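Quick look at what TrEMBL lists:
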- 3-160: domain 'Aspartate/ornithine carbamoyltransferase carbamoyl-P binding' (DOMAIN)
- SER47, LEU48, ARG49, THR50, TRP75, ARG110, HIS147, PRO148, LEU149, GLN150, CYS273, LEU274, ARG301: carbamoyl phosphate binding site (BINDING)
- GLU142, HIS177, LYS237, ARG277: N(2)-succinyl-L-ornithine binding site (BINDING)
- 185-309: domain 'Aspartate/ornithine carbamoyltransferase Asp/Orn-binding' (DOMAIN)
Amino acid sequence: MQNFTSVEDINDLQSIIKEALKIKENPLAEPDKGKGKTIGLVFLNSSLRTRLSSQIAAQNLGLNVLTLNAAQEAWNLEFSDGAIMNGDTVEHIKDAIEVLNQYCDIIAVRCFAGMKNKEDDVNESILSQFLKHAKVPVISLESATRHPLQSLADCITITENWKEDRKPKVVLTWAPHIKPIAQAVGNSFAEWMQEMDVDFVITNPEGYDLDPKFVKNSTVIHNQNEALKDADFIYVKNWSSFENYAQMPEVKENWMLTNEKLKLTNNAKVMHCLPVRRNVELSDEVMDSENSIIYQQAKNRIFSAQTVFSEILDEISKR
Ligand SMILES: NCCC[C@H](NC(=O)CCC(=O)O)C(=O)O
Ligand SMILES: NC(=O)OP(=O)(O)O
């Protein structure tokens with residue numbers, strides 16, 4: 001694995017999940033694997049889980065960890081090529097990445113969609129600069145269009161919770177929100193579910209279809225109740241419109257996941273990447289129910305990160 005920014009960077013998903021479950025059994029099995037190596041965790045946006053689970057995962061492997069909360073603590077970064085930097089921005093992203101090359105053996109970066117310019121977001125205007133200028137492996141901690149470490153944790157969690165001898169029905173359902181949110185988590189979940197042995201359905205209101213590049217030939221149903229029928233797993237996530245980029249077209253029906261809606265399912269397990277807006281995206285009763293595997297999912301972020309760091313360290317050791 002040279003970089004880790006999407007499902008494309010994985011050769012064999014089932015073997016990666018198996019490796020992650022093995023790491024989960026004994027996370028301290030290779031405490032010196034990363035000895036003498038440094039991972040830089042660069043956050044251009046807020047985080048709780050990604051920051052902490054990545055730190056734990058790196059420490060479990062003996063890596064040195066540098067965490068830069070760039071939006072709060074670093075110089076104001078310039079992202080435009082050729083910019084005349086006589087305004088508020090102090091340091092160009094190119095120079096920042098070149099400096100990170102001097103300090104880090106692996107660079108991991110969180111760079112959300114700006115939600116202002118569709119083209120910039122679709123083209124991953126920030127992640128692409130890291131991929132261009134980094135001289136060491138790059139790991140995405142959630143970019144404009146994807147959140148692969150989350151999706152790998154989601155695959156691990158579904159695997160742990162499915163012992164029946166048939167494919168589970170997995171439904172990705174849109175949920176309400178108070179502000180425009182990126183499509184990254186939904187896109188990424190779709191991309192990874194298409195690689196899993198599951199019946200995958202996406203349900204969202206009209207006007208909220210994800211980018212066809214990520215939907216591919218997945219089933220899309222605009223009636224939530226119909227989609228939830230007999231579901232074994234429900235993945236709750238809000239996103240804003242892709243077509244009318246970053247807009248929030250009016251939705252008349254109530255899409256919040258409640259116990260009433262859970263009755264339509266096959267006693268489905270409920271998933272969410274967190275953070276969640278309680279009683280907006282899903283109700284307290286669902287969040288706090290036996291059906292929720294949301295905290296287990298959050299825990300699995302450690303093993304998802306540790307598996308990826310371990311694969312990247314294997315790659316570095318070959319160089
Ligand atoms: N990393 C997990 C999700 C991050 C982000 N959520 C948010 O921005 C929530 C913000 C809020 O609820 O105000 C998203 O959905 O892409
Ligand atoms: N799920 C997730 O990525 O959480 P954070 O945004 O808190 O890192």
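For all residues, glycine too, the Cβ spot is worked out from N, Cα and C.
Nearest to LYS237 (N(2)-succinyl-L-ornithine binding site) in space, judged by Cα atoms and limited to the binding-site residues SER47, ARG49, HIS147, CYS273, ARG301, is CYS273. Proximity of the binding-site residues ARG49, TRP75, LEU149, CYS273 to ligand 2, judged by a Cβ distance under 6 angstroms to any of its atoms, singles out ARG49, CYS273 in sequence order. Less than 6 Å separates the Cβ from ligand 1 in the case of CYS273, drawn from the binding-site residues TRP75, CYS273, ARG301 in sequence order.
Non-local neighbourhood of TRP75 (carbamoyl phosphate binding site): VAL90, GLU91, ALA96, each in the same chain, at least six residues away, with C-beta under 8 Å from its C-beta.
The separation of HIS177 (N(2)-succinyl-L-ornithine binding site) from ARG301 (carbamoyl phosphate binding site), Cα to Cα, is 24 Å. When other Cβ atoms within 10 Å of the Cβ of ARG49 (carbamoyl phosphate binding site) are tallied across all protein chains shown, the result is 19. For the domain 'Aspartate/ornithine carbamoyltransferase Asp/Orn-binding' (185-309), the DSSP-based tally of helix, strand and coil residues reads 42 helix, 20 strand, 63 coil.
Separating the Cα atoms of SER47 (carbamoyl phosphate binding site) and GLU142 (N(2)-succinyl-L-ornithine binding site) is a whole-number distance of 10 Å.
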